[in-house]
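The feature domain 'Peptidase S8/S53' is assigned by TrEMBL to 51-151.
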Amino acid sequence: MVNIEKVARQSKIHSYRRSFNAFATNLLPHEADLLKGSPVENANFYNLAKGTARGGAPSARIAMYKVCWNDNYYDIDVLATFDDAIHDGVDIISLSLGGSPQLYFQDAIAIGSFHTDRKGIVMTCSAGNEGPAAMSVSNLTPWILTVAANDMDRSFQTDFWLENGTRIH
């Protein structure tokens, strides 16, 4: 299990399910299987909407590329990753990177995604949390499908237990 977690820490696929306030944590290999479409029996959200959950592409093959080093990423790694993804023949790229908005010709994500768009590869990016103000996004490129997180206007109260038996309400 330690080796699996080490591999997950080095990947760039993230799970917002295992986090608080949209801070991403790395996916373990079995979580990647769930993401791509393997059925999950008895799925629910605080005992609501019970049933079997399935991802959108059960026959998908997930390709992961490392672009972040020590909590930072460099344009050269981002561009190399786009080149690798094009060469590998991917159909969709989901990228959760961003920063302050830049001009298109200075933004490695905009440049790389322009090339993937020309090859017919769908590109999705996180909207970003950098600002400069509330309700602003950083991935503004028109050829990228930008996706934002949201908070719900409902509260689902439940108890949960930690591995050591501690109950939290």
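Cβ atoms here come from the backbone N, Cα and C positions, even for glycine.
Curation does not apply to TrEMBL; its annotations are automatic.
Taken together, the residues in the domain 'Peptidase S8/S53' (51-151) have a mean pLDDT of 81 on the 0 to 100 scale.
Broken down by DSSP into helix, strand and coil, the domain 'Peptidase S8/S53' (51-151) contains 28 helix, 19 strand, 54 coil.
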